[in-house]
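> Next up is a structure, given as structure tokens.
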Amino acid sequence: MEDSRETSPSSNNSSEELSSTLQLSKGMSIFLDILRRADKNDDGKLSFEEFKAYFADGVLSGEELHELFHTIDTHNTNNLDTEELCEYFSQHLGEYENVLAALEDLNLSILKAMGKTKKDYQEASNLEQFVTRFLLKETLNQLQSLQNSLECAMETTEEQTRQERQGPSKPEVLSIQWPGKRSSRRVQRHNSFSPNSPQFNVSSPALLEEDNQWMTQINRLQKLIDRLEKKDLKLEPLEEEIIEENTKPHIMLVQRQMSVTEEDLEEFQLALKHYVESASAQSGCLRISIQKLSNESRYMIYEFWENSSVWNRHLQTNYSKTFQRSNVDFLETPELTSTMLVPASWWILNNN
């Protein structure tokens, strides 16, 4: 299915110029894709803020990211283009040069196979359809197995780096202001052929809590956050809560607001489903609740964690990073996240 969304002439010209002027070696086309995804204002180059939003990994500090940016910026323009990205990373690929080349071939082969499947599947015999479904499933299993191995390698290398760093500086907190809504230009998606699987339903009991008492508490916390932001709250405690020495006095509440583009809503819902399933399985996660605002593609996600340390460890997990990375494409504007500590007694009271 062709993408009917309009793209700006400058974006098309920029892509054509890059393809024609750059003689990319095998496997380096990934950097064209990186530039398209990270370039939020579609000017064909990356500012430092765009670079930071895409490349920050939670290990390098802001100063280190800034130093890396200027190392790559050999043209000294305070912007990065595809040529500079390719020139820098091509010097450090090692064995991954072969990996990227193989991925490029694999991507083309899969797209070709899926295109033929889309064309021939409907008219195929029952046996041929079975074989097609089987091959799709087994191909997916093989790719997922490779993904699991890569995720283990990522976790190991990141943990090793953290342990080796003496007096680690505070990881860079991502914060980038995008002007208005996202540009309509997207990375070209090859997902026109997909199985008719049941659509992810955010109103399912596992994800959208309809318990009135619970939602009342969430609304109460929302009002409290709003009042705190207005700075007109006068704290006059009517009751003093006595906390025992070994009792954990607070838990962490995380509120996340996400405005999703209409065309990416289904993919976002699937990514959100996987994220919630993974996060909910963590021992420090007390509860996750989701609200979708009516008549809007805006989601409010409330996460309750045992403490801030558990929450910070959660942010470094692969499933959390995968969800954040996918949101680069799915969200119209940057995600808004706010955190606050709430009395642990509230949680105990509402779960007894």
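For all residues, glycine too, the Cβ spot is worked out from N, Cα and C.
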> Quickly, which of S19, S169, S192, S294 does Swiss-Prot have down as phosphoserine? Just give the residue.
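According to Swiss-Prot, the phosphoserine annotation belongs to S192.
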> Quick one: which of S197, S204 has phosphoserine in Swiss-Prot?
S197
> Any idea which of 135-163, 309-337 is down as coiled coil in Swiss-Prot?
135-163
> With a Cβ cut-off under 8 Å, give me the same-chain residues at least six positions beyond the ends of the coiled coil (135-163) that come close to it.
57-59, 110, 117, 316, 318
> What is the number of other Cβ atoms found within 10 Å of the Cβ of N41 (Ca(2+) binding site)?
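That number is 14.
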> Can you check which residue among the binding-site residues D39, D43, K45, E50 has the largest number of Cβ atoms within 10 Å of its own?
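Ranked by Cβ atoms within 10 Å, first place goes to D39.
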> If the Ca(2+) site is taken as the center of the Cβ atoms of D39, N41, D43, K45, E50, which further residues of that chain fall within 8 Å of it by their Cβ?
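Along the chain, the qualifying residues are A38, K40, D42, G44, L46, S47, N79.
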> According to DSSP, which kind of secondary structure is E50 (Ca(2+) binding site) found in, if we only use helix, strand and coil?
helix
